[in-house]
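Visitor: Copying in the features that TrEMBL gives for the protein in this structure:
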type	residues	note
BINDING	Gly133, Glu134, Ser135, Gly136, Ala137, Gly138, Lys139, Thr140	ATP binding site
COILED	898-1010	coiled coil
COILED	1045-1072	coiled coil
COILED	1144-1192	coiled coil
COILED	1216-1321	coiled coil
COMPBIAS	1333-1342	compositional bias 'Polar residues'
DOMAIN	1433-1696	domain 'Dilute'
REGION	1325-1373	region 'Disordered'
Amino acid sequence: MHRLTPGPIAVFLPQSLELAFKPDDVASLPPLRNPEVLVGAADLTDLSYLHEPAVLHNLHARFVERNMIYTYCGIVLVAINPYADVPLYSTEMIHAYSGRAMGELDPHIFAVAEDAFSCLARENKNQSIIVSGESGAGKTVSAKFAMRYFATVGGAQAETQIERKVLASNPVMESIGNAKTTRNDNSSRFGKYIEILFDQHNQIIGAEMRTYLLEKSRVVYQAETELNYHIFYQLCAAANEPELEALELTEADEFIFANQGGVGPPDGVDYFADFGKTKQALSLLGVSDQMQLELFSVLAAILHMGNMEVRQRSRRREDADIPETDTHLPVAARLLGVDEKQLAKWITNRKIQTGREVFIKAQTVDQAQGARDALAKHIYAHIFDWVVARINEVSHQTRQRRCIGVLDIYGFETFKVNSFEQFCINWANEKLQQQFNLHVFKLEQDEYVREAITWSFIDFYDNQPCIDLLEDKFGVLSLLDEETKLPKGSDQNWALKMYDRLTEREHFRKPRMGNETFLVKHYADLVEYTCNGFTEKNKDTIFEEHLIMLRESKLEMVQELFAEGKGRKVDIKKMTVGSQFKLSLDSLMETLNATDPHYIRCIKPNDAKQAFAFDTPRVVQQLRACGVLETIRISAAGYPSRWSYPDFCSRYALLQSGPPVSTEPREQCKSILEPLIEDTDKYQFGKTKLFFRAGQVAYLEKLRSEKMRRAMILIQSTIRGFLQRRRYQRVRTAAVALQAFGRGLLARAVALRLRQTAAAITLQRHLRGWSARQTYAKTRRAIITLQCFARGLASRRMLNERRRDVSAIRIQSCFRMWLCRKDFLRQRRAAVTLQCGWRSRTARREFSRLRTEARSVAGIKAKNTGLEKKIIELQQTMDRRIKEVTDEQVRGLDRGQLSQLGDVIAKLRAQLETAEAQASEGNKTSQADMQRLQQQNADLESALADARDALDRSNNDTLQNTSNLEAQIQTLTQELEASAGNVAAQATELDELRREAAGLRAELQEERAAHQHKIKVSAFNVQKKVKVQISWHAKFTFCATLQTCMELEERLAQSEEQLKAAEDQLLSTARVQHAGSDLALAGSDDDAKPGDQGEYIEVAPDASEATGEAATEAELRAQVAQLQAALEANTGSAKPSTGDSAETEQLRTAHAELLQKTESLEKQLVDWQAQVAAAQAQVDQLKRENKELLVSAVPSSSAALTEENSAQAADKGENMLDLAKAKTKLQESNHQLQEELDAARRQLQDMQDEAASLKQSLEDIHAEKQAILDHKNKLEQALSKKLSSSTSGPAVDGNLLQEEVRVLIDENLAMREQVETLEARLRAVESGAPGTTRPTNASSTVSSGPAHGGGGAQAAAGSADGVKTPPPAPTHLGMLKFQEKDIQRIVSALVLRMRPETAKAAPQAHLPAHLLFMCVLFADYQVNAPMLQGLLTKTMRGLKQVVTQNSTDLQMLSFWLANGYRLLTNMKQFSGDPQFQTRDDPSSMSLKNFDLMEYRRVLSDLLVQIYHTVLKHAELKLQPLTVPGMLEFDSLPGAGGAVASKRSGPAVTIGDIFAQLTAVYDALTAQKVEPRLVQSVFRQLYYGMNATMVNTLLLRKDLARLTKGMQVRYNITKIEEWAREHRMESICSVLAESVQLTQLLQCKKTAPEDAQTIFETCTDLNPLQIQKILQMYSPEEFEERVPASLLRAVSDRQLQGQGDGKLLLDTKHIYPVTFPFSPCAPRFPMLELPAEYGLDFLEKI
């Protein structure tokens, strides 16, 4: 607007129109426009200028430009029908508005519903939601959404499912109460008030419905382009259904009651599908199929009644008649269950009673048709009332009156022809508008009083005079009732009475022409009503004969509809329709006045039903009619603009002239306003708000804009100056640079010429020098070549001469060495010959001397002395054995045995006496021999002295030769040792190659075995692919498998016995080999004592063995000598000629022979060791037999004495013969033992083959078990599909199938235990230690094989007697021993009474979980299924109890989340399952007998519950902090995006969020929760924060600003940094939507081309979310608004189907949690029981 000339003022409108106004004519000036910041405000009362153009412009901007259909107007929600589907009613949207205060988010019907629900819960006072508007404005849909909100937030999931029944009433009521009109395709032709009842926990427990003024006339008459009620068209659409064939319905166009409108069904309406929804809803409401069929029959009868032909009987008679040929009459009578003739009679006749006489009067055609139509309307009204009563009967099951009412009532209506229905509708709206005005005025008054501001009375429109005109004693309704009751009352007479009595009323007017209409001035408009039909419609005429006929119907449904005491009583003194409506209206107003009302005004934007089209005149008319403008006027009369102190300071602080006088917001506001607005009446300071008169906020916005403009000019000037200065500096710098480059170019050209001249001179110099050097080098090379050839010739000649000299010297040295070696060998052979002769002579002399001494008296004495000692020892031994036998076996001997023992003792004594006598005789004969031997000894001594002298002389001669030979032998020995070292190295390499070959053979064998196993398993699976049809076959298969397992177990037991026997034999053989060292020691001791004859008997085999050993050693020495000789020969032959190839080949051959001999020696050494071991074993056996013979029989002892005496007389040759025989015997025994060992090995191989067959059988059992499990899984899947798809089948079959599945599961678990038992025993057989195998069932007996002494016999006896012995408790097994009665004490100590503070005292983390698992290990070790089941069951139950009791204790929840996870991990890690096997803790045992998979599942589910409880606890504390801390808190200094919080209470900052996140993190990490679980928790928390931020940004217009985007992005960066500091970077990805929303707020949005950039930036946002943000975006100062072209471009993307189409994120979404397998090394054997736990009754084993 600007002044063109000093005269008129030109105003340019957005529609490119120009208007001129005179400045003197103030009244002609248009209303002032609100500032740009207020355009599109969510609340119309926030506008600074409150007038109709401002309201319309604001609604137009929100509805057309931003597609926002909801706007607040104080307490009223204005809902504009978009005539298009909008994504605003999802479940996520319900959750977004749940718990939010009204005005906190964008306007929405859910906000009004939440406000009502919160007031009900907070104040415990009934609430009501009044939904009004024109037909087609969306009242019914709005009421449905409100009821859906209550059903969602108040649904209790009870057995009755009341909330579902409440929602199910909508399709039923729409089908029988809604119809197509000229303004709406689904117009409600009745008013309804639904009370939704709640209990004390705010959960729906029932509902009740009341209806008002059903439009019955629509049943028999429809105006042009209108239709009857939907139910009739639904029946005709489903006429071909089998159950409806009896109704004889056809197309709807063939029935008069359905085709009067002349139009077809509306677009997009499927009556057949709607009929199915109606039937489903009736079923949900408890209406049986039979009752539904009867209901449809009555409705079909109404259609057939409309087609009955009523004609004049004859030309002379005006009586009405129905011809007999009419086909619809019998059908209608049959469907109603009445007599055909009675129906025809009482339609065409009427009974009149005068006094005591009764007459039947014939009706005219018009009267008969009227009677038919009245009957049809009356039947339909009773059906409507019956359905409503049925809904109330099903939904209303309590007397509690704590409710929220939803009033869906017709709005103010005005047509070209307004009849009785429009009169009642507008009358009801007058009453509602009066209540609305009083409520709005009361709220305004309460607001002023609450804020303690001075105010004056506000004048508002009072429509009480209009209400009095309609319903007082002499009003319109009273005159109508009076005229209706008159016998000859008519509409004309009623009109004349109104003209006569009501003309003086202010709101009543008489028409200018005619007397058939009257005018009433309502609050919304002046309406002209047509009097025709008022009296008839007010009567609601129905004949008594019709009711009697219907009560006598054959149909139960019709009888129930018209039974006595039900329905509408037909009486002459009955109340008129107007009087009934007045009573119901008064009741409704009384109900509404007893509640806190909430208002929803539905607006119809255009009559063409175009999407988002705005018809301004129609909207203005409806705004006036629904009282929105009156609300605006009341608000404008007071202080319409209201600002909180923080909001005002945040926006207008820049208007303050000086520094802030105080930090208090109220004082700051005073310091801002007082200099700017002098009139103090223009504003008021309340307690929490600042109130302004109309226009003052616009004035402040003008001042702010001017100041901002001046600041912007200053900023622009400064920036422009800066830009110019920078441009000047750049130009100057460029000029200087150009000059420098030019001068440099010239200088570089001069320098280039100088450089080229210098370069030419340099090139010439270098070229000449190169040429001279080439000539010199060529000459020098020629001279050097000549010198080389000459010097080479001289050198070769000298070399040849030296070679000849060296060869001659080498030949001489070799020849001389051969001569020396020849002399040495000759001398050595001579020395050896002399030594052998001398030694032989000395040996013969020594042998003769010894034999002589042996025959001498001294020798005999010595022998006798030894014999006496032996006899004494034998006597002592005999006495000791007799005493032992007497002590140990006297009790077991009878008298006969004692006598025999006495005889044996007597014989022994006799033999002893005989031996003593022989000894005395020997002493006598030995004295003569002694003298003879002494003489011989003297002769021998003299001969010995002569021999010694000769020997000394020969020794002196050979001493020098011997020393020389020893030196040569030492040299040869060293060379032999070096050769032996090489041989040993080669042998080592050969051993390594052998081991590698053995390893390769083993790997090849393993691969071959694995391949064969796979082939066998595949073949078995192919054979087993036979489908089992029923569960009994599965049981039979399991029994057969169990029998096979039992047979295999018996065979395995037999194999174990055989293997145990073989092991005993192997152990005995090992003992024989182990006795080799004892044999050598015994032989040395016996050699040291040759005089002991008693021990000589035992050592005789040792002597023979020593002889054999000496012979073997001699053979080895001879072979070594041969090797030394060969080595010397090779060495000698190698020295003469080094380069000869023949000699080299001989050396190689000799080396190969040496290797072969070395290998043969190794083999002989191994054989010799085996023979020695066998001989040692035989010696040990002979020793034991000798001892047994000495102990058991004394006669054998006497025989041994005899043998000793005979051996003393024998010579050394006989002893050598005995030794040879002993050696032969030992060899035979060794051979026998070797055969026995081979037999044992063959037996062991047989048992291994048997074990392999058993293993194959077990694999077959595994395959069969897998087939059964597969079949079980198939059965479970089929069962689940059947149960999910079948909704009408009996539940008993499902229960039986589930029980059968459980039985199969139990049987499979039992079979799995049997298989695992056989596997364990098979592993024991394969390991070769059956004696150490632990039992696999409770009936097995644990025995540990034969041990020392009699332990093995006792164990065997115990096993034979069948006595069950408990398994031994070895040390350090890592178990806790307990009794079954102690289970509850364990659970109480480790679960119920365990606290995190107590657990912290232990050094080991997760100690309760480890202790519980140690108890599980013990129960598994004991193979005690009841103990294990009781322990785990009570542990799970106790854990549930602890979690339930401590659902708000984060420390306790974190503690059990950590320990429960660790217990689950232990169950997996030590289960023996290959996929969980680990070597982290080899000292701990594993489960052997039970599969805890089912308990793992239960524990996993319990951990999921704990995890969700932790999340719930954290989210409850974090969710209230998200919006104020992340979106409203100004954490970025100087951004200017602060938004005052809409919540009461202390201010929340982002630090509070950090504190809460840190508290949760500390609680989890303090209890050592798995890091991946901690990350999952915070990932879910971050997702909740992200969803809350996204939903709030999408629903709050005040946050859709550039500065707010910067603030929120900064806050998001802060929480991302917190996650990175705690090493959880990956969880930041869930904040993508929030980050992209902030980027969208900050990006460019000024042209349609920006849409592509927006979609490339916001990849995680769908087009609907982007469109929503752009629609709500509020530009900052001097920022352009989002153009409509950009919104259309985004909308086109949405129409193309891009994205998922959801506006809000699901805040209830929870990421699925998994518990990763994280093994640990708990070291169970090292864990100690803390005293604080109170587990003294447990014993660690």
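Just so you know, glycine gets a Cβ as well, placed from its N, Cα and C.
Relative to the rest of the structure, where do these features sit?
Guide: Here the coiled coil (898-1010) has a mean pLDDT of 64 out of 100.
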Visitor: Which one of these binding-site residues, Ser135, Thr140, has the sparsest Cβ neighbourhood, judged by other Cβ atoms within 10 angstroms?
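Guide: Across Ser135, Thr140, these binding-site residues, the one with fewest Cβ atoms within 10 Å is Ser135.
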Visitor: Within a 10 Å radius of its Cβ, which of these binding-site residues (Gly136, Gly138) has the fewest neighbouring Cβ atoms?
Guide: Gly136
Visitor: Taking the centroid of the Cβ atoms of Gly133, Glu134, Ser135, Gly136, Ala137, Gly138, Lys139, Thr140 as the ATP site, which other residues of that chain lie with their Cβ within 8 Å of it, listed in sequence order?
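Guide: Output for this site, in sequence order: Asn81, Asn184, Ser187, Ser188, Gly411, Cys602, Lys604.
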Visitor: For Glu134 (ATP binding site), what is the tally of other C-beta atoms lying within 10 angstroms of its C-beta?
Guide: 25
Visitor: Across all chains shown, how many C-beta atoms besides its own are within 10 angstroms of the C-beta of Gly133 (ATP binding site)?
Guide: 27
Visitor: Within 10 angstroms of the C-beta of Lys139 (ATP binding site), what count of other C-beta atoms is obtained when all protein chains are considered?
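Guide: Result for Lys139 (ATP binding site): 27 other Cβ atoms within 10 Å.
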